[in-house]
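Here is the structure we will look at.
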């Protein structure tokens, strides 16, 4: 969508094929020509913080976004169409939020000279993205006028609970916030939100710096609203998890469909067992499922479970993942669904599955039979 630099070849915007998600390497800079000469710049601050936290800093300049780029690329039209689609559904809170955003789109002054620098930070589950964000807010939030935007309410718990500088994206659209009150916007779990939504919000608030954190393995990145389609540079990345151990990392890597390999923490002792559907669930474990159909099926036997999309951003000591051939075959073919299910446990757990899905895990064969209907760039999650 929003092109950071001109390229020859087949890159297209929101209405065509997705642009490359590769970092922009042609504008590489060394530490000498930026962070050392601009130590107080927010991107220098973020570089220092993330490098200390174990991230690889890619040494690329942030991308730039303005109203002209958003309009010319088709991003605004795609976002408007998404919102109008939500209004046509039978819903309550989602429709109210969509109506507010549509109203904002109509009223915002797109002729203004607003421009923002944008960078993407990628990290595997458990690398400490939320902890790094919290550290940035604690140490530099006041000086750089930071605000943290979260796509769904579960993230308001845990390390972000009770913070006065942290809001849901929907809430910031609805609140009366003075233009220019915030200078830097941090976004967690960016793969769960339409990227144009973030950029419109930044323009609406007069934000000058947008830094988005996320795990590409947990987002449906082929959707038009995904951050990868905007070709913003990946400024930092880390794939060494502190949360889970080698067993979980091996399981993820054997079924990730060619994504970036993750590294487990050797100090964490985790394990996984695979069983048929019959039999008991692990004691004291949290039950996770891939579809609402399986969730309803289990509830008939008084087994409560958590849908994978509701577990996004959450962690549990031990999990039991239940996968029914009848309901879950298409969903488990989605690498994003697998990534969420397999990375919620700190100590591993058990996967109980039907014979067809068991064969998929054994053979590493997850050829897609369908598309997940989870939160994507083309639809918003009703529990936001």
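The backbone N, Cα and C atoms fix where each Cβ goes, and this holds for glycine too.
Swiss-Prot annotations:
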type    : residues                               : note
BINDING : 123, 124, 125, 126, 127, 128, 129, 130 : ATP binding site
DOMAIN  : 88-238                                 : domain '(+)RNA virus helicase ATP-binding'
DOMAIN  : 239-384                                : domain '(+)RNA virus helicase C-terminal'
REGION  : 1-36                                   : region 'Disordered'
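Other residues of the same chain near the ATP site, with their Cβ within 8 Å of the Cβ centroid of 123, 124, 125, 126, 127, 128, 129, 130, are 215, 238, 241, 242, 243. Residue with the densest Cβ environment among the binding-site residues 125, 128: 125, by other Cβ atoms within 10 Å. When the binding-site residues 124, 126, 127, 129, 130 are compared by the number of other CB atoms within 10 angstroms of each CB, 130 has the fewest. For the domain '(+)RNA virus helicase ATP-binding' (88-238), the mean pLDDT of the prediction comes to 88. Cβ neighbours within 10 Å of residue 123 (ATP binding site), excluding its own Cβ and spanning all shown chains: 25. Sorting the domain '(+)RNA virus helicase C-terminal' (239-384) by DSSP state (H, G, I as helix; E, B as strand; all else coil) yields 46 helix, 28 strand, 72 coil.
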